[in-house]
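Contents: one structure, followed by commentary.
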Amino acid sequence: MATMDRQSYAQMFGPTTGDRVRLGDTDIWIQVEKDFTVYGDEVKFGGGKVIRDGMGQSQVTNEIAVDLVITNALVLDHWGIVKGDVGIKDGRIFKVGKAGNPDVQDNVDIVVGPGTEVIAGEGSILTAGGIDAHIHFICPQQVEEALTSGVTTMIGGGTGPATGTKATTCTSGPWYLGKMLQATDSMPMNLGFLGKGNASLPEALEEQLEAGACGLKLHEDWGTTPASIDCCLSVAEAYDVQVAIHTDTLNESGFVDSTIDAFKDRVIHTYHTEGAGGGHAPDIIQACSNPNVLPSSTNPTRPYTHNTVDEHLDMLMVCHHLDSNIEEDVAFADSRIRKETIAAEDILHDRGAFSMISSDSQAMGRVGEVVTRTWQTAHKMKQQFGLLPEDQELGADNFRARRYIAKYTINPAIAHGISHEVGSIEPGKMADLVLWKPAFFAVKPSMIIKGGMIASAPMGDPNASIPTPQPVHYRPMFGSCGKAAAATSVTFVSKAALNNGLKESLGLERTLVACKNTRNISKLDMIHNDWLPNITVDPQTYEVRADGELLTCEPAETLPLAQLYTLF
């Protein structure tokens, strides 16, 4: 029997069971748990390789064969870290398994035919497209920036650089909802718009959901009072949509307990639950003790570094229309920035008490850094606290990696009722996938696949004789062009809007998909991120304790996935 040494095998077909891969220049290492291939029957494309007629390619039509196969990829998802071929058919994930020609190869469950395209995944990591559930739609250029970072779904609100949008994630009113649905129809991105949820009577909220909102957003700048919270959640319960909330920093209409009481045990997504992005000062962080609260962070506080506190004050003054000449405005800003709660946020993420990470795009957050900041946090926690208990036996960071990737993939999908379509690499879901070379993981993807088509990729000089000559930069690919962008993307709306014939009335090209199962979930549904500690905050010192344990850590002086990768 012919054999190959492990290093040669990895160079030709990628890592296999038991091999370890470093993620970028972080201290996070993942180990291959399973390899779906049959040794000796691997498929690979190229001159003199396997995927040729009568060899790894069968004779069947695309009734049986897949449209696309990504060969020998290392899949990193919330459910595991495995090596395999990934089949894509009709823009959706067909299977993670063994590709090839069943006429001549064993254990083939992804059939390659003459109608099958190939993407070489050897030596690459494949992840689900990211979901950013805290978007201020301030400018359309955010979509390209997010896409090239590995995000394929954006949920939030806004109408452009209006003052309200720059502060709050709300697309206010039926007219603006319709116009934003039309404006984004041909963008290569899944989208969902949140209507304004601040009202004490239901009618104005109901009409927004019927006009295409996928949920509602409560924001303190519009008045997040107990009455508006109760009304908004009551409407959400009736329409099966999620509510996102930015609570009352100034504690004008009540304290954190007043807000939690107004929830009445109904599920809610709490934005920037640490508080620097806004929320009851100084103790909004304790909201994540509650099983009905789905807590997320925004990326400027991810992770805690020696620059974090300093950059936040000016950021906050601009985003919330404050005046540095007004003493009360400065005091308002100061009350939100606390190094103690930011440090605790790192640890709460690492232990799974905070469930999601998002951007807060151009409104105290960076739309292209959700993925990067997530893995920088994982690295910092590994450096400061070592392996998680769940990883001790393996000696690699598999559980930590699965915990952190869930924060920007499956968990926001579950929270907003879209996990039946996106959020993981599982059969039947949209083929929204991101391919990474391990050395560039979490900072520079090598390919972004949207609904089965390549939507964006680094590309060299279009006049060159090969694709790689400089200047190489991210460019839109065919999946971003023409009607394909709409055909490979969806917009999430309420079931009521879908049943109202909204697509036809607005003349939309893309498919509308209803959110569902948003009201029957809890934090226990947040995969790998469901810890419910009893959190307390000292009102004088801002010290944070979880089940009595003081949560504190030092700020990072340097981070991976940073200037090493972004010289230009």
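Every residue gets a Cβ built from N, Cα and C, even glycine.
Here is what Swiss-Prot records for this protein:
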- His320: active site, proton donor (ACT_SITE)
- His134, His136, Lys217, Asp360: Ni(2+) 1 binding site (BINDING)
- Lys217, His246, His272: Ni(2+) 2 binding site (BINDING)
- His219: substrate binding site (BINDING)
- Lys217: N6-carboxylysine (MOD_RES)
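Locations of recorded Swiss-Prot features on the structure.
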residue : record                    : CB count, 10 Å
His134  : Ni(2+) 1 binding site     : 33
His136  : Ni(2+) 1 binding site     : 26
Lys217  : Ni(2+) 1 binding site     : 31
His219  : substrate binding site    : 25
His246  : Ni(2+) 2 binding site     : 24
His272  : Ni(2+) 2 binding site     : 27
His320  : active site, proton donor : 20
Asp360  : Ni(2+) 1 binding site     : 29
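Shown in sequence order, Ile135, Gly156, Gly157, Thr168, Thr169, Ala244, His246, Tyr271, Thr298, Ser358, Ser359, Ser361, Ala363, Gly365 are the same-chain residues outside His134, His136, Lys217, Asp360 whose Cβ sits within 8 Å of the Cβ centre of the Ni(2+) 1 site.
Looking only at the recorded positions His136, Lys217, His320, Asp360, the one with its C-alpha closest to His272 (Ni(2+) 2 binding site) is Asp360.
In three-state terms derived from DSSP, Lys217 (Ni(2+) 1 binding site) belongs to an extended strand segment. Summary of the Ni(2+) 2 site environment: with the site residues Lys217, His246, His272 set aside, the chain residues having Cβ atoms within 8 Å of the Cβ mean position are His134, Thr168, Thr169, Leu218, His219, Ala244, Ile245, Thr247, Thr270, Tyr271, Gly277, Gly278, Gly279. In this structure the alpha carbons, written CA, of His219 (substrate binding site) and His246 (Ni(2+) 2 binding site) are 5 Å apart.
Among the recorded positions His136, Lys217, His320, Asp360, the ones whose Cα sits within 10 Å of the Cα of His246 (Ni(2+) 2 binding site) are Lys217. Cα spacing between Lys217 (Ni(2+) 1 binding site) and the residue listed as 'active site, proton donor': 16 Å, rounded to the nearest whole number. According to DSSP, His272 (Ni(2+) 2 binding site) is assigned to coil rather than to any helix or strand. With respect to their backbone Cα atoms, His136 (Ni(2+) 1 binding site) and the residue listed as 'active site, proton donor' stand 13 Å from each other. Between the alpha carbons (Cα) of Asp360 (Ni(2+) 1 binding site) and the residue listed as 'active site, proton donor' lies a span of roughly 13 Å.
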